[in-house]
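Engineer: This is the structure I want to talk about, given as structure tokens.
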Amino acid sequence: MQHLVLIGFMGSGKSSLAQELGLALKLEVLDTDMIISERVGLSVRGIFEELGEDNFRMFEKNLIDELKTLKTPHIISTGGGIVMHENLKGLGTTFYLKMDFETLIKRLNQKEREKRPLLNNLTQAKELFEKRQALYEKNASFIIDARGGLNNSLKQVLQFIA
């Protein structure tokens with residue numbers, strides 16, 4: 001078994017699904033944003049504000065290469081922009097948690113939105129969402145309809161890997 005990699009726009013449920021998959025499959029869960037935050041000593045928002053998005057993307061790219069060297073399979077929850085990296089290919093079996101923009105925004109309360117620097121301006125966020133959709137689909141081994149909630153997404157992933 002390879003890594004199971006969850007991709008999708010911020011707020012699509014990647015972190016929650018990763019935890020459930022980890023329990024169901026008895027695999028360790030890794031969260032790329034959390035790993036980067038812990039290493040740098042700043043929140044994702046803090047990294048964007050103090051070091052810039054380019055540095056965050058460099059940390060992300062380097063982490064992908066590092067994760068490829070792991071010998072055992074993991075569940076990997078990724079940041080929404082990870083699909084911009086060519087080196088994502090070959091990391092594992094990717095599952096795109098697909099959801100429409102309006103549903104994503106409804107799922108995130110104000111506090112959650114404040115943690116996500118790219119959601120400061122909803123018009124720009126929607127443009128980013130639309131640009132990234134093609135990248136998510138291009139990088140996906142499987143597309144998960146995430147509108148049905150966590151349990152439904154979990155069932156879909158488990159069916160694909162059965």
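Indices start at 1 and increase along the chain as displayed.
Every residue gets a Cβ built from N, Cα and C, even glycine.
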Engineer: Of the candidates Gly11, Gly13, Gly80, which one does Swiss-Prot list alongside Asp33, Arg57, Arg132 as binding substrate?
Structural biologist: Gly80
Engineer: Provide, as an integer number of angstrom, the distance between the C-alpha atoms of Gly11 (ATP binding site) and Gly80 (substrate binding site).
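Structural biologist: It is 9 Å, counting Cα to Cα.
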Engineer: Nearest of the binding-site residues to Gly13 (ATP binding site) by CA-CA distance, picking from Asp33, Arg57, Gly80, Arg132?
Structural biologist: Gly80
Engineer: What is the biggest Cα to Cα gap, in Å, among Asp33, Arg57, Gly80, Arg132, the residues listed as binding substrate?
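Structural biologist: Farthest Cα pair among residues binding substrate: 18 Å.
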Engineer: Taking just the CA atoms, what is the gap between Gly80 (substrate binding site) and Ser12 (ATP binding site) in Å?
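Structural biologist: Cα to Cα, Gly80 (substrate binding site) and Ser12 (ATP binding site) are separated by 9 Å.
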